[in-house]
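Engineer: I have a structure here, written as structure tokens, and I will follow up with some questions on it.
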Amino acid sequence: MAALHTTPDSPAAQLERAEDGSECDPDQEEEEEEEEKGEEVQEVEEEEEEIVVEEEEEGVAEVVQDAQVEAVAEVEVEADVEEEDVKEVLAEEECPALGTQERLSRGGDAKSPVLQEKGLQASRAPATPRDEDLEEEEEEEEDEDEDDLLTAGCQELVTFEDVAVYFSLEEWERLEADQRGLYQEVMQENYGILVSLGYPIPKPDLIFRLEQGEEPWVPDSPRPEEGDIVTGVYTGAWFWTDDIEDHEEEDDEDFLAEVAEEENEPPGLWSAAYGVGDVPGTWGPDDSDSAQTPEGWGPDPGGLGVLADGSEAKPFLPGREPGANLLSPWAFPAAVAPPAGRPETTCDVCGKVFPHRSRLAKHQRYHAAVKPFGCEECGKGFVYRSHLAIHQRTHTGEKPFPCPDCGKRFVYKSHLVTHRRIHTGERPYRCAFCGAGFGRRSYLVTHQRTHTGERPYPCSHCGRSFSQSSALARHQAVHTADRPHCCPDCGQAFRLRADFQRHRRGGGCAEAGGDGPRREPGETAAAAGPEDTDPGPEGSEVGEADGEAEAAAEEREEAAVAAPTPSGKVDPAPERRFLELGNGLGEGEGPSSHPLGFHFPVHPKSWLHPDSFPILGLPDFRERLPVDGRPLPAPLGGPLSLVEGTGLACDPFGGGGAAGGGGGLRAFGPAIGGLLAEPAPAALAEEESPWICSDCGKTFGRRAALAKHQRYHAGERPHRCADCGKSFVYGSHLARHRRTHTGERPFPCPECGARFARGSHLAAHVRGHTGEKPFVCGVCGAGFSRRAHLTAHGRAHTGERPYACGECGRRFGQSAALTRHQWAHAEEKPHRCPDCGKGFGHSSDFKRHRRTHTGEKPFRCADCGRGFAQRSNLAKHRRGHTGERPFPCPECGKRFSQRSVLVTHQRTHTGERPYACANCGRRFSQSSHLLTHMKTHRGATAAPGSGSAPAPAPKPEAAAKGPSSAGPGERGSALLEFAGGTSFGSEHQAAFAGPSGAYREGVL
């Protein structure tokens, strides 16, 4: 202790005398002289310290002062207040005999963390000569300050970010070389001090850059608000900043709407709904303080640094081991248990831990619903000043982030980063299930719902659930009928801002100088038709993205199937005159429990008029069918419906006639099943789609979509498979094709574990477990689990057979039937029966044939127990029990249980006799009558005792193909197929017209 007594009245000497209880020197004059000397020494020290500080500040550029002044202010206040509290407690415990004046004097010499930092810088300056007593006293006080720092460190968790300062590129370039060196040395020394003190902190990104010799500037470092420091949390694999601009949002309006919704929602709503923080970009209820992780969270499966909450993540830097520190206890400082003795830094509502009380106070504003920062323009309140600054850009129109490639400007930095991926082609977000790449994290999240079946956005009116918030917003407009976006020139109103913008820029407004339809003054805005076209996932700012929306949209279309609506009714709202197949639930039901309840995307060709569908009832319907793209006559009998897969199109608003200006229907193929017609021009004008294909007239909402579509006309297929050389128009089609080579099946069945290469195949397979048949025939009521099956079934009513054999000309209603038939022409028949030697080209035909030898009848009737060798025969037999007669005659109304019987019956009305005898020319309406008649010729031609066998009867197929198979004016009948595979009749189809409103796609 004696070695510390450099001066008679040093603090250590005073403490020793106070503990020993010794009396002061009786000589008052000497004591006063000593005090005066101490005061003089203290003044000299203060002056020297001020000189050192001034010299240091003069050596730093003005921009450095601007970047640090606000940060220093808050740290000094917080550190001074906290250190004063700690020092008072220590002084009371260790030095109870000291007076108030002495403790204040001692506390006043303590240095704040910022001053300590500056002291580190000042230590390099040449020291002013001083006497040995003053130097020893200063060393003693520095030792005491270090002890105080260690004591404070035990009370508070200090991070590198508390003392770190960041520079933007512009600020860094303005620094001189010696200033940059000084900054680098100070930052490295600060980090070394914290590590030497035993703080469990990882190596920050800034220090890692300095060690690698890289420049430590931060891209577009924002100006910190008053009282705040630009800080972040290093998670071991990424440096996660809490700048709200880094949140990836769809567009400006959506982002501000989400911020507003978040501020009005009760705490914990985000966490309960999505497993993330209350504010986008956090794991906890607040985005400004820390990053908490949910239980079991780990690195991204694809290793690409994708956080589940949407915050920007920097990729792994070269030379650093990926994921080495990801799950370390110090990787999430906010999740570490609060230090003992600091209950004031722990939120008593949610339990979050904060390094400073000021941050805790800010965080508690969320729980208290305090919004001290109000917008002067609209009066909206915000919890943080940075939120207000971002909101004010909506009033000022400021877009401070320009694209260096195309010059387009953005309000948010994250939007610029996302937009630049259009130019670079970068797709950093990969699906862990199928490997699909996306330019936005939100697209990846939406895409992954096709694998998980998640529909987190339920409608509060009808209970229907959606996988995207934008789809829910469009759906809710049906309930509210709200059209807030009104054109100032023509008065036409729109539900969506994107539709309104397309209307303004696409020339659809006649009053504004466009060539669009001009509405009458008395016409209401609601008559404009639906504006439910999907603006696309890009939103208004990245509408021309080359491949991002393509992959997401095509994946949704691939897995586009949802839980059925048992009511089978069309949406009664007159505004929604389009067909939505499998969009979840009907009216009044709860959220869908279907494991693959995907939302079917609304397509412009999915119009369905809620009234009748009389086109098939027209007597001359067959004559009006177009050939090679010729337009159909307009007045076909009223409003029609476009049924996807049948190629029938109509005016969706009942104006398809000549008076309605519909312009008629247009078809693009020789047969119904191959047609894909477009809505009438009136409907196109009301959809407000500005991009029109000059070759086929098809319209698109985005220029990029039109450019991709035109590849079909140009024959361009830029995406080629490296294995087989097959080319594709879209990259997503190539990726899907690649699965045939790799054997990848990324879609597993949750019931049986079977895996599929396409989501649509999985969805159809799942319906086999659930028994769903959402596609219902409007003629006979038959249900089907796949749309293709319904389309093929519809041809049984229309008599359409679009698939023709190139060898014999025989036509089929299904491509699979044509494929099986073509095996008959091929020499190769790999499946040969061991009993009779008959060969088959298809395994299914071989299996059916084998049942004739084995007598196997695996399909049994549940009512009578009768067995059948084929499922179709069982279905026909079941109609005998149920009394079902799904095939009505359009002439007399008589109904039949089998289509073949109906075809035979129709010949009684038409007088058709397609089966002719080759010997006498007599004609018959049924093949059985011809076979009976042939027996008379066989008995007459066989002379008794001649020994010659009777002449074999000509094959019905040959007779049917002959020129005499149909008389003049007769069109022939539909092919009559028997169970044995024999077909009778001509290749010409009978004129068959279904009843009024007979055939359309419906949904259970």
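Heads up, the Cβ atoms here are built off N, Cα and C, so glycines get one too.
When I checked Swiss-Prot for this same protein, it listed these features:
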MOD_RES   Ala2  N-acetylalanine
MOD_RES   Thr7  phosphothreonine
MOD_RES   Ser10  phosphoserine
COMPBIAS  61-72  compositional bias 'Low complexity'
MOD_RES   Ser112  phosphoserine
DOMAIN    158-229  domain 'KRAB'
ZN_FING   345-367  zinc finger
ZN_FING   401-423  zinc finger
ZN_FING   429-451  zinc finger
ZN_FING   457-479  zinc finger
ZN_FING   485-512  zinc finger
ZN_FING   691-713  zinc finger
ZN_FING   719-741  zinc finger
ZN_FING   775-797  zinc finger
ZN_FING   803-825  zinc finger
ZN_FING   831-853  zinc finger
ZN_FING   859-881  zinc finger
ZN_FING   915-937  zinc finger
COMPBIAS  939-968  compositional bias 'Low complexity'
Engineer: Cβ pairs under 8 Å with the zinc finger (457-479): which stretch of 345-367, 429-451, 775-797, 803-825, 831-853 has the most?
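Structural biologist: That would be 429-451.
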Engineer: According to DSSP, how is the zinc finger (915-937) divided among helix, strand and coil residues?
Structural biologist: 11 helix, 4 strand, 8 coil
Engineer: List the helix, strand and coil residue totals of the zinc finger (803-825) as derived from DSSP.
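Structural biologist: Split by secondary structure, the zinc finger (803-825) comes out as 11 helix, 4 strand, 8 coil.
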Engineer: Per DSSP, what is the residue tally for the zinc finger (719-741) in helix, strand and coil?
Structural biologist: 11 helix, 4 strand, 8 coil
